């Protein structure tokens, strides 16, 4: 009879322990149920980028003086600047300016050291294409005004705050 009573006590202790573990699991589950979802439904929801985000480079053709500082400070000598010297006015005339975003590392040196501020970073980060040659942007593509995520009414924007 003693074995039967000790077996019953052991069984009841194991049952209480199992119920406690299940209760702990439920409390963890319920504490996570009140949180906002971490997953962002990408094409329909986008994160608002920070002020210092390094996206696509915007180029203003009229401000550029073809000094080639951007080429000298670039760690991979990426910007291609074509110019000709106008002898009558003794100034460089910019002919073509292009950047290949397939190679660009978005370090921001060209923007930081540009004396005329003709280069700036935008918040655009969707540069993917099926053909890598489409990532070579000339002055016309670089001069296109940046598309703001906030202005698109079809997309729900999400502000993420880091602690």
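Glycine too: its Cβ is placed from the backbone N, Cα and C atoms.
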Among 67, 74, which residue does Swiss-Prot name as a further [4Fe-4S] cluster 2 binder in the site formed by 104, 107, 110?
74
Cβ-Cβ under 8 Å with the domain '4Fe-4S ferredoxin-type 1' (55-84): same-chain residues at least 6 beyond its ends:
49, 91-101, 103-107, 109-125, 127, 137, 139, 142-146
Whole-number Å only: compute the distance from the Cα of residue 110 ([4Fe-4S] cluster 2 binding site) to the Cα of residue 70 ([4Fe-4S] cluster 1 binding site).
4
In the domain '4Fe-4S ferredoxin-type 1' (55-84), how many residues does DSSP assign to helix, to strand and to coil?
5 helix, 8 strand, 17 coil
